[in-house]
Amino acid sequence: MSQKERPTFYRQEVNKTIWEVPVQYQNLSPVGSGAYGSVCSAFDAKTGFKVAVKKLSRPFQSIIHAKRTYRELRLLKHMRHENVIGLLDVFTPATSLKEFNDVYLVTHLMGADLNNIVKCQKLTDDHVQFLIYQILRGLKYIHSADIIHRDLKPSNLAVNEDCELKILDFGLARHTDDEMTGYVATRWYRAPEIMLNWMHYNVTVDIWSVGCIMAELLTGRTLFPGTDHINQLQQIMRLTGTPPSSLISRMPSHEARTYISSLPQMPKRNFADVFIGANPQAVDLLEKMLVLDTDKRITAAEALAHPYFAQYHDPDDEPEAEPFDQSFESRELDIEEWKRQTYEEMISFEPPVFDVDEMES
């Protein structure tokens, strides 16, 4: 929302809370809510398309909330890629910083997520190729900006009727230099180095998640449905084998080293015996993604060039992102200053320019 020409707002009650939005957003209808906000679908009368409007809940309630709000806005503003959710609009009914308390974010309305799709149908190998290719294409972009998503799972991957995919929910994403902050990812898709707090993790935590998702698309079953951290790790090691001593010795955590050294030795299984009937190229790619040693795990850019994606791979159409300045992560500011910086970011937002066919997808 730039302050050039402030739109007319109207008020509407949604699930016992008052929403105050520009008149261009009509037919507000609740579609979901979580800890950090609630979402309505709406008709954008300016463009004629359906959008998702998210009202952040108590965005400046505490320093943690205020910094999270700033982070989410900065991340969404930065993302301009077909396979990553981007910001169409951001607004507040407030007319000045003094009365600024509400933040609304507008993005594309995506119909289904990958969870719905897996439940409804067994996917063909060609479907799996196209879906995983798009996830990796989006990840190459995200990772090139030195951002780790850290919460990749089927419900964070939106898919439309044409099988076109966007990566959602950067609320938890952090800069690669950041250490673990506890609350990340649904455990089933979580890389073991995060789960066990091995600490030295990198962008390939997202590749582990893609491997788990790809295996699920191929088989129709969750790959590692662990009941808790220990059970999860046992399930992982039944497939990957126990880590070699060369990897254990590089773990900074004494507890992790001691615990893993105490486990009974398990050999790595032959993936072809686990994924019977799958395309051998798919199996080969899974073996390169589901590697315990993060230094040996394939990157998004490398995976895009894997023969499994031969019919989709185009090195000239797999863009990287502009560098993303995340020096703010180490800043300790008060609520009012985070709020002021969020307000500045909102005022300076320039909406993306879309072709009609892009909006229709």
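Cβ coordinates are placed from backbone N, Cα and C, and glycine is handled just like the others.
Per Swiss-Prot, the annotated phosphothreonine among residues Thr69, Thr181, Thr258, Thr342 corresponds to Thr181. Checking Tyr36, Tyr183, Tyr189 against Swiss-Prot for the annotation phosphotyrosine singles out Tyr183. The annotation in Swiss-Prot ties Val31, Gly32, Ser33, Gly34, Ala35, Tyr36, Gly37, Ser38, Val39 to ATP, and of the candidates under consideration, Lys46, Lys50, Lys54, the one tied to the same site is Lys54. The record assigns Val31, Gly32, Ser33, Gly34, Ala35, Tyr36, Gly37, Ser38, Val39, Lys54 to the ATP site; their largest pairwise CA distance measures 14 Å. Of all Cβ atoms in the protein chains displayed, 18 besides its own lie within 10 Å of the Cβ of Asp169 (active site, proton acceptor). Here the CA atom of Asp169 (active site, proton acceptor) lies 12 Å from the CA atom of Gly37 (ATP binding site). Of all the binding-site residues given, namely Val31, Val39, the one with the smallest number of surrounding CB atoms inside 10 A is Val31. The 10 Å shell around the Cβ of Ser33 (ATP binding site) contains 16 further Cβ atoms across the protein chains shown.
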